[in-house]
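Asks: Got a structure here, written out as structure tokens. Questions coming.
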Amino acid sequence: MTNIRKTHPLLKIINSSFVDLPAPSSLSSWWNFGSLLGVCLAVQILTGLFLAMHYTSDTATAFNSVTHICRDVNYGWLLRYLHANGASMFFICLYLHVGRGLYYGSYTYSETWNVGILLLFTVMATAFMGYVLPWGQMSFWGATVITNLLSAIPYIGTELVQWIWGGFSVDKATLTRFFAFHFLFPFLVAALVMVHLLFLHETGSNNPTGIPSDPDMIPFHPYYTIKDILGFLIMLTVLSALVLFSPDLLGDPDNYTPANPLNTPPHIKPEWYFLFAYAILRSIPNKLGGVLALVLSILVLAIVPALHLSKQRSMMFRPLSQCLFWFLVAILFTLTWIGGQPVEYPYIIIGQMASALYFLTLLVFMPLTSLVENYLLKW
């Protein structure tokens, strides 16, 4: 008799995606982050759902409702900090996942890569709107500063900002719509994840060597399911340690002060995972130029496949490109640090240099290095 998982209309989809899926035998732990992102998304949706049951999206009560969740709701403090720090884990896994794609040339699967970029934008938008909901000082002023950037768009900018705000400033209407979208977007992310996986399973996974692995495939279960479960345990251990020992480590103390439109905090900055983009935004003295640089800091990933000039797919056997890749990582750490510093000398010039090097590395140095490596290998 044929196994039900191979014949049932619904189960056979799951079977072909997670059980009998042929996978390269050489996948390293860097291939764990896709499944870890799935776990992060599930944790965020579940904790978010329970938080939404107690949260009120009104400027008069939003801050107090978050306090009420932490003090009066059974394990409300755990839900709130799992959700806040779960977002940090989400972005750590996201950036490592993108980094893996860049290093091993996974971007040559252009459909999967482009859906991934769309996912990155959607997750960033979701996280930004979520940061506004506790209605602390940094929530209010972060929302004001970031939404106000849209006013740099010629001709329609001012009207667009007022349309998003639902008035002439960030207020009750803004908070209500941000809550609505923050609740909706994770389900949009889940739908895009399905599309992402659909495109990935059309081509099959890449592997560390970048060489086609069709003759050497193994079933996803049990080999990679066990490997993924180990990844889940490690990530959930780190998340639990963060939540239970220092839940406010990655947060901003200003967000424990209720939002006050009459009092601007000395340093307005987003959550740590947006600091690199914020540093790129601030490094350009022109408002419209800054907004374009901010968008391009992520959108630049879309033209990486077109700039792949190497005859080899992966960087595994390309030491010069490896050096450049880790140089890029160092630049991103520098930008993250600069994004959290005040706008004064020497931070301004460091930020401008790091921003220029970020774009130059991706758009100029990496393609040129690929050509040099091709020449050295006489290809």
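Glycine is treated like the rest: Cβ placed from N, Cα and C.
So Swiss-Prot says this about it:
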BINDING   H83, H182  heme b b562 binding site
BINDING   H97, H196  heme b b566 binding site
BINDING   H201  ubiquinone binding site
TRANSMEM  33-53  transmembrane segment
TRANSMEM  77-98  transmembrane segment
TRANSMEM  113-133  transmembrane segment
TRANSMEM  178-198  transmembrane segment
TRANSMEM  226-246  transmembrane segment
TRANSMEM  288-308  transmembrane segment
TRANSMEM  320-340  transmembrane segment
TRANSMEM  347-367  transmembrane segment
Asks: Does the chain bring the transmembrane segment (226-246) near the transmembrane segment (33-53), so that three or more CB pairs sit under 8 Å (pairs 6 or more apart in sequence)?
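Replies: Stretch pair touches.
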Asks: Do any residues of this chain, six or more beyond the ends of the transmembrane segment (347-367), have a C-beta under 8 angstroms from a C-beta of it, and if so which?
Replies: 279-280, 282-284, 293, 296-297, 300, 303-304, 307-309, 321, 324, 327-328, 331-332, 334-335, 338-339, 341
Asks: Between the Cα atoms of the residue listed as 'ubiquinone binding site' and H97 (heme b b566 binding site), what distance do you get, rounded to the nearest Å?
Replies: 17
Asks: Who are the chain neighbours of the transmembrane segment (178-198) in space, where the CB to CB distance is under 8 Å and they lie at least 6 residues beyond its ends?
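Replies: Cβ under 8 Å, 6 or more out: 17, 37-38, 41, 44-45, 48, 52, 55, 57, 112, 115-116, 118-119, 122-123, 125-126, 129-130, 132-133, 143.
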Asks: Among the binding-site residues listed here, H182, H201, which has the most company in the form of other Cβ atoms within 10 Å of its Cβ?
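Replies: Result of the Cβ crowding comparison: H182.
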Asks: Excluding near sequence neighbours, so keeping only residues 6 or more apart in the same chain, what lies with its CB under 8 A of H196 (heme b b566 binding site)?
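Replies: Looking at Cβ-Cβ distances below 8 Å from H196 (heme b b566 binding site), excluding near sequence neighbours, one finds T112, V115, G116, L119.
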Asks: If you skip the near sequence neighbours and keep only those at least six away, which residues in the chain come within under 8 angstroms of H97 (heme b b566 binding site), Cβ to Cβ?
Replies: F33, G34, L37
Asks: Compile a sequence-ordered list of residues in the same chain as H83 (heme b b562 binding site), six or more apart from it, whose Cβ lies below 8 A from its Cβ; state 'none' when nothing qualifies.
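Replies: Correct list: Q44, T47, G48, L51.
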